[in-house]
Amino acid sequence: MAVNQSHTENRRGVLIPNGESLLKQSLNVELSFPRQSEGSNVFNGTKTGTLFLTSYRVIFITSHSINGPMLSFMMPFDLITNLTVEQPVFAANFIKGTIQAAPYGGWEGQATFKLVFRNGGAIEFAQLMVKAASSVIAYGAPPAGYGAPPAGYGAPPPGYGAPPAGYGAPPPGYGAPPAGYGAQPAGNEGPPVGYRASPAGYGAPPLGYEAPPAGNEGLPAGYRASPAGSGARPHESAAAQAPENEASLPSASSS
């Protein structure tokens, strides 16, 4: 059992250790100690407050309007013995038992406690308490508390939220690039504006094909390509001309 270690600063809340869950909360409960250890005045008198039941312990928080040396009182199940539920005829039901002091709990020895439920619910609270204590015996003590994350792990920058609905992992097969594949060298940029990919069926040029020499450019303005299936005739222009505008070909020079 520990004294004044389980309440918030203004006593309007309870401090529950990591790994535990809140099972029940009862208001208007009176706590007293018919038998207490000598040499401590924190157990004197009757305290009124709220009783909390977690998966590993019982915590009592005195009302914030009450001034006294005891602000909170915590009792782990493994330090409680002789637990009973009393049902007086002309008084409210109460839970009674013996509690041992916990190491570094703020007091030493043992004491007998009494919890009176002015709003009812003592039997239900005791049943849940026994069930939770049985689980502790079966599964062991609570796990170690979760501490702060290691240095360097902070909150994500603004704008980084959860992915939209339907967004999942990439399809299988998308992994690292094969060995030898690296980034493009400096100067390799994207295609110019207006560039379109070649239509389907255009593949790599045949072996032995070389690029045309420098200076070979496209046809001058006004020239159009020959219709499909028409090959170029030797020593004739590929451009169509009217009969009256045909150019005379120069005579071949004699060798």
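Numbering starts at 1 and runs along the chain as it is shown here.
Cβ coordinates come from backbone N, Cα and C, glycine included.
Annotation comment: Swiss-Prot describes 15-87 as domain 'GRAM'. Swiss-Prot lists 139-145 with the feature repeat '1'. According to Swiss-Prot, the feature region '6 X 7 AA tandem repeat of Y-G-X-P-P-X-G' maps to 139-208. The feature repeat '2' is assigned by Swiss-Prot to 146-152. The repeat '3' annotation in Swiss-Prot covers 153-159, 160-166. Taken from Swiss-Prot, the feature repeat '4' covers 167-173. What Swiss-Prot lists as motif 'PPxY motif' is 171-174. Annotation source Swiss-Prot lists repeat '5' at 174-180. Annotation comment: Swiss-Prot describes 180-199, 204-255 as region 'Disordered'. The repeat '6' annotation in Swiss-Prot covers 202-208.
DSSP assignment over the domain 'GRAM' (15-87) gives 3 helix, 40 strand, 30 coil. Confidence annotation: the domain 'GRAM' (15-87) carries a mean pLDDT of 87 in the model.
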